[in-house]
Amino acid sequence: MKTSEWIDISQPLNNDIATWPGDTPFSYEVSWSKEESGSVNVGKLTMSIHTGTHIDAPFHFDNEGKKVIDLDVQVYVGPARIIDVSNLESIGKKELEKFHLEGVERLLLRTSSHGKANEFPDIIPHLRADIAPFLSEKGIRLIGVDVPSVDPLDDKELAAHHQLFKHGIHILENVVLDHVADGDYELIALPLALSDADGSPVRAVIRPI
């Protein structure tokens with residue numbers, strides 16, 4: 001039987017990708033060309049960690065929180081379920097209770113609210129804090145969203161961020177789900193081994209199981 005092919009659910013990183021207002025713009029350039037070096041092109045990358053598809057570490061919103069290097073990489077590899085929660089302003093326990101989530105360890109939410117990697121949204125659907133204990137009771141260890149944040153864009157309290165990690169749930173943001181169906185997949189979304197970082201870009205891929 002042919003093994004299912006991997007499907008990319010990452011935002012392509014290029015000089016047109018949107019960034020958080022006021023954050024470091026993404027830039028890639030060849031800083032040392034083959035003509036200059038005599039053998040190779042060497043690129044230079046400048047970016048915010050929270051550009052494109054990325055994970056958050058607790059240090060992002062808690063000075064005493066774990067950094068990327070301290071996170072359990074097992075969380076970012078394994079079975080995941082995609083569900084559709086489109087056309088909602090916010091998502092919490094009430095909205096997820098209708099879904100069968102028993103045995104799910106990684107949950108990806110399709111909100112279908114934006115989908116334009118080169119435009120930063122003005123408003124996004126967000127997660128309410130009561131989602132965290134509900135997901136924890138189900139045994140879910142990772143939540144993924146197709147928007148830049150699990151909290152409202154202008155929010156300073158970051159209740160969802162805090163409650164999710166308090167309940168042992170890791171955060172994956174800016175995945176691209178508009179070209180895949182609901183259902184069960186194998187997920188790989190490994191962060192880089194960054195020793196002191198508050199997050200990391202990832203190449204997130206899935207394949208049906």
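Glycine is no exception: its Cβ is also placed from the backbone N, Cα and C atoms.
From the candidate list GLU173, GLU186, the residue Swiss-Prot records in the Zn(2+) 1 site shared with HIS50, HIS54, ASP56 is GLU173.
From the candidate list HIS161, HIS162, HIS167, the residue Swiss-Prot records in the Zn(2+) 2 site shared with ASP56, GLU173 is HIS161. Spacing of TRP20 (substrate binding site) relative to HIS50 (Zn(2+) 1 binding site) is 8 Å (Cα to Cα, whole number). Its Cβ placed at the centre, HIS50 (Zn(2+) 1 binding site) has 21 other Cβ atoms within 10 Å.
Neighbour density around each Cβ, counted as other Cβ atoms within 10 Å, peaks among the binding-site residues ASP56, GLU173 at ASP56. Listed in sequence order, HIS50, HIS161, ASP198, GLY199 are the same-chain residues six or more apart from HIS60 (active site, proton donor/acceptor) with CB atoms under 8 A from its CB. Other residues of the chain with a Cβ within 8 Å of the Cβ centroid of HIS50, HIS54, ASP56, GLU173, the Zn(2+) 1 site, are ILE49, ILE55, HIS60, PRO148, SER149, ILE171, LEU172, ASN174, GLY199.
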